[in-house]
Amino acid sequence: MTSRALYSTRSQLCRHLAHKYLSRSYSTRPSLNEVVIVSAVRTPIGSFKGSLSTLPATKLGSIAIKGAIDKAGIPVEEVKEVYMGNVLQAGEGQAPTRQALLGAGLPLSTPATTINKVCASGMKSIMLASQSLMCGHQDVMVAGGMESMSQVPYIMAREAPPYGGVKMEDLIVKDGLTDVYNKFHMGNCAENTAKNSSISREEQDAFAIKSYTLSKAAWESGILAKEVVPVSIPQRGKPDVVVKEDEEYRKVDFSKVPKLKAVFLKENGTVTAANASTLNDGAAALVLMTADAAQRLNVTPLAKIVAFADAAVAPIDFPIAPAFAVPKVLKAAGIKKEDIAMWEINEAFSVVVLANIKMLDIDPDRVNINGGAVSLGHPIGMSGARIVGHMVHNLKSGQYGLAGICNGGGGASSIVIQKF
């Protein structure tokens, strides 16, 4: 071979290797997996010290996780990891989600992580699981949330007082319902939002009555029953009591709603026990997987994860944080608010939903169409997962649903799904 021919051959080889190795680094980008929801269930929601109060959050979580896997129709061994939201963890024991998944019969080899983003914990669990599935770290996961507010303990300081009595603190209030920056109850933040947004007591009461009315109608029509798995409560020497229905929505007397005193502001206060959410017990869980895993397991997906986003504002303004998360998730999804057929904005307080409807300029008739936390209850680690699961069951084919939930500290999470 002549030197010229050898040079030509070497040049061709160099160009081939450059194309093979160098161009690959610059011309290709990894694609994310499509994530689908194949089941979504929840327990009934129990009233504070009510029907579910004897069961710890971890047991409620077990029931929801098992129910979701059973509905999906897949072997428990297929679940590679579990994320569950849980806020008030004191006294539950180590690794609450680990307890919940083992109680649901999952293998000892299944990893678990507990998520605490206050009221957004259940939704954030879904978001984090979706990220893991999108990136290919796992292919089948369970995500949701659980809370037993009835079993939250009181605490006292470890130091012995030099003189006088011992002060006990309620961890529901301290860890769940107090703005740590302003040193007051979340209800005071709601009052601040009502004032700044010019939302009256009458508007909040009307919204609460509507929430109770819608929840009652949804139960009577069977809409809510399809997302609920029964809970059996063991009894001493008697048959188990089976709880199949939410407890809170029946506990209302509409004639008393306008007569109740404001709870947080004595003068010109607007937030009452009726137009705020209640303390509750319950759990929700969803089975998520990649589209490839759904095909492999011969599972029919119900909906797909389109996009999700978080936002943060001043802690006192937490009630309006969803109004900042929603534009971000719409942009990420590449759609407009007019494309959303169903909105779920968590009813921590009636004023939360009213303020966000006003700020986002959305149709109130598409928001919380079957009631919400004011009437159904708000187990704080569960609610974010509950509202996502509710959309899964109630959207029609091809429709988009958007759920948003505020959280203490001045935050919110939001998610868009599309029904198959």
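For all residues, glycine too, the Cβ spot is worked out from N, Cα and C.
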Same-site K(+) binder from Tyr181, Tyr212, given that Swiss-Prot records Ala273, Ala274, Ala276, Val374: Tyr212
Spatially closest candidate among Cys119, Tyr212, Cys406, the listed recorded positions, to Val374 (K(+) binding site) (Cα to Cα): Tyr212
Neighbouring recorded positions, C-alpha within 10 angstroms of Ser277 (CoA binding site) - of Cys119, His378, Cys406: His378
Assigned conformation of Ala276 (K(+) binding site) - DSSP reduced to three states: strand
Mapped DSSP class for Asp253 (CoA binding site), helix or strand or coil: coil
Distance [Cα-Cα, Å, rounded] between His378 (site 'Increases nucleophilicity of active site Cys') and Cys119 (active site, acyl-thioester intermediate): 9
